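Visitor: Input: one structure, supplied below.
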Amino acid sequence: MAGTNALLMLENFIDGKFLPCSSYIDSYDPSTGEVYCRVPNSGKDEIEAAVKAAREAFPSWSSRSPQERSRVLNQVADLLEQSLEEFAQAESKDQGKTLALARTMDIPRSVQNFRFFASSSLHHTSECTQMDHLGCMHYTVRAPVGVAGLISPWNLPLYLLTWKIAPAMAAGNTVIAKPSELTSVTAWMLCKLLDKAGVPPGVVNIVFGTGPRVGEALVSHPEVPLISFTGSQPTAERITQLSAPHCKKLSLELGGKNPAIIFEDANLDECIPATVRSSFANQGEICLCTSRIFVQKSIYSEFLKRFVEATRKWKVGIPSDPLVSIGALISKAHLEKVRSYVKRALAEGAQIWCGEGVDKLSLPARNQAGYFMLPTVITDIKDESCCMTEEIFGPVTCVVPFDSEEEVIERANNVKYGLAATVWSSNVGRVHRVAKKLQSGLVWTNCWLIRELNLPFGGMKSSGIGREGAKDSYDFFTEIKTITVKH
């Protein structure tokens, strides 16, 4: 919709129509600290309308063949790809990430999400067994669950929203999605493409607002039997409490405190640039980012020197600048939270090698109030420190030495999270051995963030419940039924 007083005004998308809201909240451009957008402050009334629309659309959408639904998803992908630059510009402005990253990762992956699930939904099979001595045959069928409640985070806004919408739609469900109120623009833009792609009214409803108001209304609604959430552990605990009385299906993808383990036989020419990227990509605002780096003592000094030098080459600045590697953090509150971890580390006697409080950040006048922070490397810190145990979710990483394989495995596992890890070594036997012992849902060896969407994604321990991916997402968004026929 058109802006008012130069502000972009978003509207909810319910039953195929854009609808205004009675109240709005401000959304800020992270690179300037200025309000540039107003987001609906939705609540129970908007959720009731969305549930009604989704329930009414469900019988028709769920009865379509997988091939018909696949065609619609592919059409959404085509339209999104045609608008890639427009979406990338919007994502960068709304989230603070570099335009280069939005162009090369966020929006292309969003396109791929629709195409991937459009294809994978055509290749599922069912089980069948026979009990000849009883004259019985057993087989399974899967059916869509119904109305899917989807809650996505602010760090990869469209990327993770489509990672939920696409499999839910492909399986035959209808959707009520709630993006983060901090990054709602590309979700709103996506709504404009749905009708063009042939998505029937009510199949996808997107309701904007805060977690305590609209999020809780969605999660607690008795006619929304399934919730898929990506975000923080405290919010997941609240979702679990609200869902328990209704026995809802839950998929919870939460935080991480991801270790990188670098053995003395690692190829540092490959390891160092990859570990800088895994530590600071997207301002460190990726649940898979590395925030604990364990380096074998014999190469610790060399690694640290080269790692700090490489980190300092990552330029922080205006997200649209093609030479910039790190944009702005999501909000002023989050920036202060990340900075507070560095202050606490200093109070504990840690050393800061580069970044916050050490190097000077130079920004244009217009961006002085933006939420920028230099990539920061911390050493001389204990494993029990908050910087080594809590998810910081910013451009901060800790580098510590280790002696033996057994020691580093124990230390790497000594946190409540278990999402991802990386292992660097030229010893093939070692990387297999260590990967199996790490309490992580994903382990990369001699690489980072290479994803195969057919395989499970998700974490152990406090990093979540369930897995996402081709088969796992299909299983989550469907209910299985066993049928026995006596002949």
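Here the Cβ of each residue, glycine as well, is placed from N, Cα and C on the backbone.
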Visitor: Scan S180, S243, S362, S473 for the residue that Swiss-Prot records as phosphoserine.
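Guide: Residue annotated phosphoserine in Swiss-Prot: S362.
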Visitor: Closest of the recorded positions to N155 (site 'Transition state stabilizer'), Cα to Cα, picking from P212, R213, V214, G215, E253?
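Guide: Checked the recorded positions P212, R213, V214, G215, E253; minimum Cα distance to N155 (site 'Transition state stabilizer') goes to E253.
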Visitor: Please identify, among the recorded positions E253, C287, S362, the one with the smallest Cα-Cα distance to G209 (NAD(+) binding site).
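Guide: Result for G209 (NAD(+) binding site): the nearest of the recorded positions is E253.
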Visitor: Which of the listed recorded positions (V214, C287) has the least company, meaning the fewest other Cβ atoms within 10 Å of its Cβ?
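Guide: Among the recorded positions V214, C287, the lowest count of other Cβ atoms within 10 Å belongs to C287.
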Visitor: For the NAD(+) site (G209, T210, G211, P212, R213, V214, G215), what does the 8 A shell look like? I mean other same-chain residues with CB within 8 A of the CB centroid.
Guide: S42, G43, K178, E181, E216, A217
Visitor: How many whole Å apart are the CA atoms of C287 (active site, nucleophile) and E253 (active site, proton acceptor)?
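Guide: Cα to Cα, C287 (active site, nucleophile) and E253 (active site, proton acceptor) are separated by 9 Å.
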Visitor: Comparing the recorded positions N155, T210, S362, which residue's C-beta has the most other C-beta atoms within 10 angstroms in this structure?
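Guide: When each Cβ's neighbours within 10 Å are tallied, N155 tops the list.
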Visitor: Select the most exposed residue of G209, G211, P212, G215, where exposure means the fewest other Cβ atoms within 10 Å, treating these as the binding-site residues.
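Guide: So among G209, G211, P212, G215, the binding-site residues given, the one with the fewest Cβ atoms within 10 Å is P212.
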